[in-house]
Amino acid sequence: MAAAGLLRAVAALAFRRLLCAPPGAARGCAAVLGPARRFGASARARRSSEDKVTVHFINRDGDKLTAEGKIGDSLLDVVVDSNLDIDGFGACEGTLACSTCHLIFEDQIFKKLDAITDEEMDMLDLAYGLTETTQNHPEAVFYGYRFHPLPQHPLQTKGEKAICRTCLLRSRLGCQICLKKFMNNMTVRVPEAVADVRQSIDMSKNS
Amino acid sequence: MGASGGWRGASALRRLRPAGLAGFKRPLSTGERIPRICIVGSGPAGFYTAQHLLKHHKLARVDVYEKLPVPFGLVRFGVAPDHPEVKNVINTFTQTAQSDRCFYYGNVAVGKDVTVEELQQAYHAVVLSYGAEDNRILGIPGENLSGVYSARALVGWYNGLPENRDLKPDLSSKTALVLGQGNVALDVARILLTPLDLLQKTDITEGSLAAIASSKVKRVWLVGRRGPLQVAFTIKELREMVNLPGARPILDPADFTGLRDAIKDVPRPRKRLTELMIKTALEKPGEKEAKIWASATREWGLKFLRSPLEILPTADGKRARGIRMAVTRLEGSGESATAVPTGEVEELECGLILSSIGYRSLPLGPSVPFDPKHGIIPNHLGRVQGVPGLYCSGWVKRGPTGVIITTMNDSFDTAQSVLEDLQAGMLNVSNTKEGFESVRSILHSRGVHPVSFSDWEKIDAAEVARGRLAGKPREKIVDPQEMLQLIDH
């Protein structure tokens with residue numbers, strides 16, 4: 001059983017690599033990591049601290065979590081390696097098959113990120129949910145997030161369930177963003193997920 | 001290895017400390033009672049609900065009941081075999097099941113082997129996460145002819161769902177037609193058209209692979225009552241079709257001209273999805289695509305504004321030979337547009353017709369409220385209306401839509417409702433409940449033998465070993481009796 005489990009784990013890892021490798025998927029990570037990834041733990045430890053990048057995560061409840069990662073690590077790697085407590089983060093394990101590692105970046109960092117691929121954008125579309133606009137507020141796009149903690153980003157919402165456009169434009173998937181030096185001390189935000197618009201209908205009205 | 005493989009991702013989840021729920025962080029006192037919670041259904045909704053409960057309550061014990069011997073519901077039986085990456089969530093579910101406060105009881109049909117009332121006696125809280133096991137029917141003449149199947153049955157067949165293992169779909173027709181334009185419709189179209197050398201590396205069942213190998217299907221139409229702006233599939237699945245090796249799209253340019261103006265102000269997901277259809281239909285393909293499409297031996301297309309009227313039988317009246325459809329036009333616009341018949345009718349020759357117009361939940365018994373109109377259990381934030389201590393999550397809670405993240409969020413929400421009710425004292429935990437200990441004797445008296453999670457791990461290992469011989473990730477066992485024999489039941 002242990003062998004089968006290990007095999008599965010290795011298969012999952014190999015699969016992830018496979019998916020990260022093709023052009024358009026996880027550009028950057030694969031290139032930077034290459035051989036470095038194959039070093040054992042001791043080799044990694046010998047690498048200088050210059051290769052470390054500190055990242056702050058603002059969790060859904062507003063808690064700040066701080067972790068360190070190596071240049072070339074993806075933000076999903078950082079969350080997993082540091083056991084950061086972010087509910088449901090990285091469900092598909094970095095294979096671009098879900099959007100649970102959705103993060104919002106600071107403007108100055110976001111601008112410097114590698115261009116987004118169609119495949120990542122496809123998944124981010126699902127993170128927002130295929131939800132509605134309103135006739136009265138064509139700008140008020142409902143993307144299913146409960147609160148917005150940055151006062152400088154005006155909420156364009158009806159009720160509480162929206163994400164501001166500024167944040168919307170700074171969204172990426174953590175599994176596709178690999179650490180680079182300029183990211184040191186950056187802060188990324190975990191959007192608060194909320195029930196799909198359809199399910200927030202109060203069912204008690206039905207009887 | 002520095003990378004985060006599956007097992008690390010999963011184990012990290014286990015080690016997470018509770019956060020944001022100050023009320024549940026209080027130190028244990030000797031008098032503290034153990035809440036006994038059970039979950040009905042071991043699909044994503046069940047396991048995500050269990051995960052959240054176990055993580056945010058230090059004492060709660062969670063038992064997960066499953067009708068089939070094997071766990072994971074639609075992750076095993078619904079997710080397409082060529083989407084193994086989506087199945088990575090199984091690693092996390094496995095970690096949850098291996099928690100010393102979580103127990104899995106497969107091969108137990110709630111509603112038959114044990115009633116919901118009996119579960120309510122045995123547990124402080126019961127969460128119904130049994131999904132949507134039925135499908136909506138077309139309700140048109142000829143629906144029962146040979147050659148007509150629900151897409152759901154076909155999915156169950158190629159994914160090894162025991163109840164569909166003998167489907168033996170007739171794949172001798174050159175043209176297949178799928179009624180519906182959602183992701184399930186695209187899944188079945190893709191599986192019917194994918195080159196065999198790609199399919200045989202997936203966990204598709206042996207029997208269905210052999211049947212697909214001799215399939216004559218060369219063209220698949222996906223038919224919708226409404227227009228391109230109302231399709232229900234998502235962009236990832238559409239892009240896969242556009243890039244499918246050996247297949248070319250056949251889209252009618254007339255369906256897409258002038259659409260660009262209509263999508264200026266729609267939300268990004270709908271906009272990008274429509275843009276991809278427009279690009280595929282109207283623009284000159286890139287060099288790579290042009291090459292694939294030119295040499296393609298199979299094709300797929302979208303038909304809009306058609307509503308099925310009747311399945312046409314062959315001369316002997318036994319099989320489907322085609323379909324008669326009403327031509328429709330749209331009234332209104334956007335998501336809420338409705339299709340109205342124009343009076344015009346179209347007939348199309350096709351011997352394989354798959355209905356993919358949605359799944360449906362079934363009521364569980366007289367004691368559980370059910371809203372037949374919406375096909376869900378009436379609830380507020382997962383609390384079943386009028387029945388304290390009864391909860392629901394997943395498709396039976398909100399209807400059969402959404403991707404895995406939708407179910408994850410909604411299951412976390414339901415678990416949160418349970419935790420809040422525990423904290424508010426609304427679930428009387430001072431009244432000790434036996435949980436499975438009392439269910440065990442009920443099951444025993446009825447001759448039901450539950451399958452444990454370690455039993456499943458034996459089945460799992462056997463499947464993986466069989467798959468290895470065939471160069472596949474696993475060869476699923478499709479006969480429940482064979483599964484039970486394997487674990488000496």
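Keep in mind that glycine also has a Cβ here, set from the backbone N, Cα and C atoms.
Heads up, TrEMBL stuff is auto-annotated, nobody curated it.
Feature list (source: TrEMBL):
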- B:36-192: domain 'FAD/NAD(P)-binding' (DOMAIN)
- B:Ala45, B:Glu66, B:Leu74, B:Val110, B:Trp395, B:Gly402, B:Val403, B:Ile404: FAD binding site (BINDING)
- B:Gln181, B:Gly182, B:Asn183, B:Val184, B:Arg225, B:Arg226, B:Glu237, B:Gly402: NADP(+) binding site (BINDING)
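Sequence-distant neighbours of B:Val403 (FAD binding site): residues of the same chain at least 6 apart with a C-beta under 8 Å from its C-beta are B:Thr234. Recorded residues B:Val110 (FAD binding site) and B:Gln181 (NADP(+) binding site) have their alpha carbons 33 Å apart, per Cα-Cα distance. Chain A comes close to B:Gly402, B:Val403, B:Ile404, taken from the binding-site residues B:Leu74, B:Val110, B:Trp395, B:Gly402, B:Val403, B:Ile404 by a C-beta to C-beta distance under 8 angstroms. Cα of B:Trp395 (FAD binding site) to Cα of B:Gly182 (NADP(+) binding site): a span of 16 Å. According to DSSP, B:Val110 (FAD binding site) is assigned to a strand segment. The binding-site residues B:Val184, B:Ile404 differ in how many other CB atoms lie within 10 Å of their CB, and the one with the most is B:Val184. Within the same chain, residues at least 6 positions away in sequence whose Cβ sits under 8 Å from that of B:Glu66 (FAD binding site) are B:Gly41, B:Ser42, B:Gly46, B:Gly73, B:Tyr104, B:Tyr105, B:Gly106, B:Asn107, B:Val108. In the shown protein chains, 22 other C-beta atoms lie within 10 A of the C-beta of B:Arg225 (NADP(+) binding site). Look at the Cβ of each of the binding-site residues B:Gln181, B:Asn183 and count the other Cβ atoms within 10 Å; the largest number goes with B:Gln181. If you measure from the Cα atom of B:Arg226 (NADP(+) binding site) to that of B:Gly402 (FAD binding site), you get 20 Å. Residues B:Gln181, B:Gly182, B:Asn183, B:Val184, B:Arg225, B:Arg226, B:Glu237, B:Gly402, recorded as binding NADP(+), reach a greatest CA to CA spacing of 20 Å.
Closest to B:Arg225 (NADP(+) binding site) in space, going by CA atoms and restricting to the binding-site residues B:Ala45, B:Leu74, B:Gly402, B:Ile404, is B:Gly402.
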